[in-house]
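Undergrad: For reference, the structure I am asking about is given below.
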Amino acid sequence: MTQCCFLRVRSLFFWFWSFRHRMALALCLQALCSLGGWLSLYVSFCRLNKHRSYEWNCRLVTFTHGILSIGLSAYIGFIDGPWPFTHPGSPNTPLQVHVLCLTLGYFIFDLGWCIYFRSEGPLMLAHHTLSILGIIVALVLGESGTEVNAVLFGSEITNPLLQIRWFLRETGHYHSFTGDVVDFLFVALFTGVRIGVGACLLFCEMVSPTPKWFVKVGGVAMYVVSWCFMFSIWRFAWRKSIKKYHTWRSRWSEERQLRLNGHLKTH
């Protein structure tokens, strides 16, 4: 009787071990396929845009991932569920797993590209590293995909605007009304979503007993990185606002002087 029970427990253990092994293998295959897909897209852009730089084509990949991840993570958060503010630490859904694997492959690609071409500073490299670790932890645990997808949505919602800003600068169209609109939307969305809504999400994560403690630590680290970005963005916005103000004052003074002298042309 004892031997029979031992054999049953042993067979159950090996079945569970093989199941976990198959699940891990499936996740690795999904992440590798995602990495291969982003690499293939980058190579395709490089062949189609031979007259453009490597960074141009990499930013096209980044823009594509931003649009795709925003749509998928928004569908998960607002439609498919569960709601991240009320169910942090809940088990991952199949759709969450697919999106996380898709994004994991992209971040590995982009981190490798940034390191190889030395195009980004320590802060961006830290952001990518934390993103990769957070996604891996959520996939390994089989939980907390809800809040990780919410963080993905908040992180990527400003990404397309950032890429559009770079493309405008490269093509000589940045110093225009379009460039001003892009900058305003970028600063507003970053402040409102990534900092404002991000603070609410982090609070819900911290007060909930469900998520693991190291998941909460990762959330705090990502929020600190967001604030580091925020300081740089606010400095940029302040400098640009002051420059715009001085330009307006100078133009207004010139027009006023011309008006007083009677030389203002009418159109």
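Quick reminder: no glycine exception, Cβ is built from N, Cα and C everywhere.
Any TrEMBL annotation is an automated prediction that lacks curation.
Pulled from TrEMBL, these are the listed features:
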TRANSMEM  23-45  transmembrane segment
DOMAIN    51-226  domain 'TLC'
TRANSMEM  57-77  transmembrane segment
TRANSMEM  97-116  transmembrane segment
TRANSMEM  123-142  transmembrane segment
TRANSMEM  184-204  transmembrane segment
TRANSMEM  213-234  transmembrane segment
Undergrad: Find the member of 23-45, 97-116, 123-142, 184-204 that has more C-beta pairs under 8 Å to the transmembrane segment (57-77) than any other listed stretch.
TA: 97-116
Undergrad: Under an 8 Å Cβ to Cβ limit, what residues of the same chain, 6 or more beyond the ends of the transmembrane segment (123-142), are close to it?
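TA: 24, 27, 91-92, 97, 100-101, 103-104, 107-108, 110-111, 114-115, 148, 151, 155, 212, 214-215, 218, 221-222, 225, 228-229.
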